[in-house]
Amino acid sequence: MIQINPKNSELKNIIILATGGTIAGTGEEGKTTNYTAGNIDIEVLVSSVRNLDKIANIYGEQIANVDSNDITMNHWLTLANRINELSKQDDVDGFVITHGTDTLEETAYFLDLTVKTDKPVVLTGAMRPSTATSADGPLNLYQSVALAASDLSRGHGAMVVFSDGIYSGRNVQKINTFKTNAFNSIEFGCLGYMRDNIPFFFNKSIKPHTIYSQFDVTGLTELPKVSIAYFHIDADPSIIDYFAQNSEGIVIAGAGSGTFSSNWLEEIRNLETKGIPVVRSSRIGNGIILTDSTIDKYSNCIPSYTLSPPKSRILLTLALTKTKDYSEIKRIFAEY
Ligand code: ASP
């Protein structure tokens, strides 16, 4: 852990856990394309943000320095366990995680369900590398630190700050491949806005998170493997059998309200007696998936409600750390 700025006893103590991504990326001076993500370390990253020392005392730790497509469950366990450990210290007030945007929503939801503290946990990143003209990382990082240092921020679970918006870890989604306003929560809206360093909250998720979540990864060194099968016209049903052989659970990125062909259903029903739960999510990314009497008559089929395929995978992974019972997993999906 490195202390980045001189300590001011009037200010809160915020820990930045850096993992890489475009926010720590570099490329040709001024350009926004063809750069390398995860290239500068935490000290350089923080030094690019004006006035950070006026809003908090900053401490930094480099957890990784990778493109977020290379984030693994090991990074998740490291982050969750580190936050859980540090949050027990009275002199730690909040956390900011810098992360690539491609999988930011996944890490945000994992931490939302597994950190055991009410202290603010804020994730952020950038769409433009640090060397770009109008790089968006510095403002996102500044606002994330401000949010983590705010008394208003407790009790919202893990949050994402991006382009002046505050989003819940459960509902946030990346919605654009290159624009700086790259995140929102589709129909659930944002939790609030950042204007400079001041948060304005308007909404709150009622779903269990952090200290209210039943999941605890303390002491775990690995997590159950869950795979995602993407359905489309003529999709090969043998992918289900393939995943069943190397995974403890499967999520379907189904069509419409989590549906698929009769030959996929045939494969899936064969897994009912093999103890492999199959969560039906949707490739649509919006709306709700409820129990479907023609599919969910097979007890291993579980509707995902409003969780996207990658977020359903996270919840199923954590559910499998607790139980293999299909009806209990169904209850977990209904509750979370
Ligand atoms: N590929 C990058 C990453 O996710 C994209 C970004 O950070 O915006 O690490």
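Cβ atoms are placed via backbone N, Cα and C, with glycine included.
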Same-site substrate binder from Ser68, Ser130, Ser134, Ser144, given that TrEMBL records Thr101, Asp102: Ser68
Non-site residues, in chain order, whose CB comes within 8 A of the mean position of the CB atoms of Ser68, Thr101, Asp102 at substrate: Gly21, Thr22, Ala37, Asp67, Asn69, His99, Gly100, Thr103, Leu104, Gly125, Lys174
Between Thr101 (active site) and Thr22 (active site, O-isoaspartyl threonine intermediate), the C-alpha gap once rounded to whole angstrom: 7
